[in-house]
Amino acid sequence: MFGIQLNEQQRLASLHKDGPAIVLAVAGAGKTTTLCTRTANLITKHKINPKKIKTMTFSRAAARDMKERFIKLFGEHIRHIHDVEFSTIHSFAYSVIAYYYRQKNIPLIIIENEKEEVNKYYILKDIFKTVNHEYITEEQLEELLTQITYIKNMMLKTEEIEEIKTTIKNFALIFETYENIKKEKHYIDYDDMLTVMYNILIHEPQLLKALQNKYDYWQVDEFQDTSIIQYEILKLLAEPNNNLFCVGDDDQTLYSWRGSYPKILLDFPKAFKEAKVYFMEENYRSTQDIIKLSNRVISLNEQRYKKNIFTQKGKGLPVFIEEFNNEKTQIKTIIEEIKQKKQLHEVAILFRNNFSAIPFIDSFQENNIPFYIREHKMSFLKHWIVKDIVSFIEFAYRPWDLELFNNIYYKLNAFLSKQSILHVVQQLEKMDATERGEINVFDILLTYPHLKYYQKDRILRIKYDFDVFRRQNTNSFMHFIRKRLKYDEYLGKQDLTSEEVVNNTIGTLEYLASNVTTGLDFIDKINGLKSLVEEASRNKQKGVILSTIHSAKGLEFDDVYVIDVINGVLPNTSSLNQLKKYEDSSEFEEERRAFYVALTRARKQLKICSIKKRFENITEESIFLKEVKQILNINQLKPNIRSKEIDIDTTKIDMNAYKKGKQLKHKAFGKGCIVMLDDSIATVDFDSVGTKKVDIKTCIKYGLLI
Ligand SMILES: Nc1ncnc2c1ncn2[C@@H]1O[C@H](COP(=O)(O)OP(=O)(O)OP(=O)(O)O)[C@@H](O)[C@H]1O
């Protein structure tokens, strides 16, 4: 009726009206489409008030996308279409808590914002210091936060919390203290939104009843990422009619670290005996080659329900594997290819970690290529190592700035005591503003009477180094900070849970540093990137999409590049360690699911990109890439992809024709033009079949080059 030709399972699911139902489906099977159609059916066919339908999904961006899609599909048919609510369970919980606290006159203090005086980061750092008598590292703080999220989402009991695997000393005590402080002061963090809401629903039957009456139909997209507490909340809300309609795919579970519990998806029919189950295995998104590969990849996971994804679409373009020499050639090649594309918003670059995006953002800006970032939180730019490097450089130019000095003095390997710093503060207090603006903190430090001779030596040395560095004003600042100021040694001493993150952060900074001429330029670049990221994530302009795989869930694009497919990134180091040390494959399988999600985002063209060197370090081939090569039997194809031994006379190449993008004719593929020349390989964009790699000898033979 709405112009979409649904298949039988989709049709039945979209006509489902009352009682619980679950749609178990493969990627691209039309789960979201079915959920939207069902919503439209409820409104138009069964005359349900749009305000009575509540749909929830895993992220704010996903909720917004779903609403846009719903309006695009059914805007013409439904009058009050904007009344249908799409949200995350967290934002729904927040609105309930805010209402309840208002009624009870309880102050509601959210402690998520790092910039506010009271925030969870500060509280946890403080508790850690009191309990363990030492400062928490950024890595430990991250681990602590992840574990708190996990405990809350899994509704773990005290004895289970004590059993939890962690490197944090006195974890259970820290957790308990944190909970007590929040309770006493009415502080609420992100995870509490769920636990507090759950407790309200349990203890306030009237409010629960009101919510049950407010909505008649509850729907959940991406149900595989629902945690235990979210599930418990949903069950309470859906009572007594249990009009709970959920769609999901266990192969796309990506958030088990934060308590996603796909067993819920598969146990749904047991929990709701009267539940209707709909299965969907036909993919409507991608061409055959993409689907065949994705299916084979995910079939290598053991912890899954077997399904067989298929498509009726044509074979399409072959899946490309691109093995670049380093990150620079990866960027250069992809950018050159992108420049030839007409619909940039149909091109997505997907990555496992957001530091992979930084060099791309930098190059997109240089090449004037519009782009949109799905991730508003580019954690790389907020990373403590980035802050440290910026503080070092700024201090070199502002040696009187005590605040900067406070950020770095204990990272200089000078073993400075708190008393020596206090001495500096006291001396500064005696000076007037003009004097203060002219001194060098090191000079004051040297007047501290209790300095040991080796400390004096080190301070003089560091002061001298900073002076030389400032005078020279070159781009060797990374070397200066890492080697001369011995920041690498400081990093080596840190109790780091993720060496991978440190190496990649330093590597990315080295990459950015290689493109500037002075330390000050570098700071400008970092600040520029920060505003660029903010701008590009706010404005949903029609540009290339840069997204983590996690944020790309639910989306689709004509062309997809999955970049940095190397061991230590995809799959990540932690999953590889778990696998090697403990033969525990659960994390590794989650990484494979992430890879699967990335592959299945592509409609027409899929390129899996790896690099042999990353920031000058030799990389290890991704297990996933090896698997893909085996599946595609790529070793046989390899000579066609990169034919190394061609002896060509480069003087015969008409570079002008290439640069002007002159159209030339290939015997097999028809008209095309070369978009990129790399060693002995040309990337040719053919009108009929899209981009192909052709060795130059063939180009010459077929007249693409003369
Ligand atoms: N019956 C159909 N006929 C034609 N196209 C369809 C049909 N069902 C879905 N599609 C199209 O298939 C694509 C995938 O649909 P949708 O995003 O709803 O799948 P999904 O199961 O939610 O995907 P995923 O879980 O991978 O995010 C969309 O472009 C959608 O328009």
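Cβ coordinates come from backbone N, Cα and C, glycine included.
What TrEMBL lists as ATP binding site is A25, V26, A27, G28, A29, G30, K31, T32. For T32 (ATP binding site), the same-chain residues 6+ apart in sequence whose C-beta sits under 8 angstroms from its C-beta are M66, R69, D221, V247, G554.
Looking at the domain 'UvrD-like helicase ATP-binding' (4-287) alone, the prediction's average pLDDT is 91. Annotation comment: TrEMBL describes 4-287 as domain 'UvrD-like helicase ATP-binding'.
The annotation domain 'UvrD-like helicase C-terminal' is assigned in TrEMBL to 288-554.
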Tertiary neighbours of A27 (ATP binding site) (same chain, Cβ under 8 Å, six or more apart): D249, D251, Q252, N283, R285, S294, I309, Y596, V597, T600
Other same-chain residues whose Cβ falls within 8 Å of the Cβ centroid of A25, V26, A27, G28, A29, G30, K31, T32, the recorded ATP site, in sequence order: T33, D249, M280, N283, Y284, R285
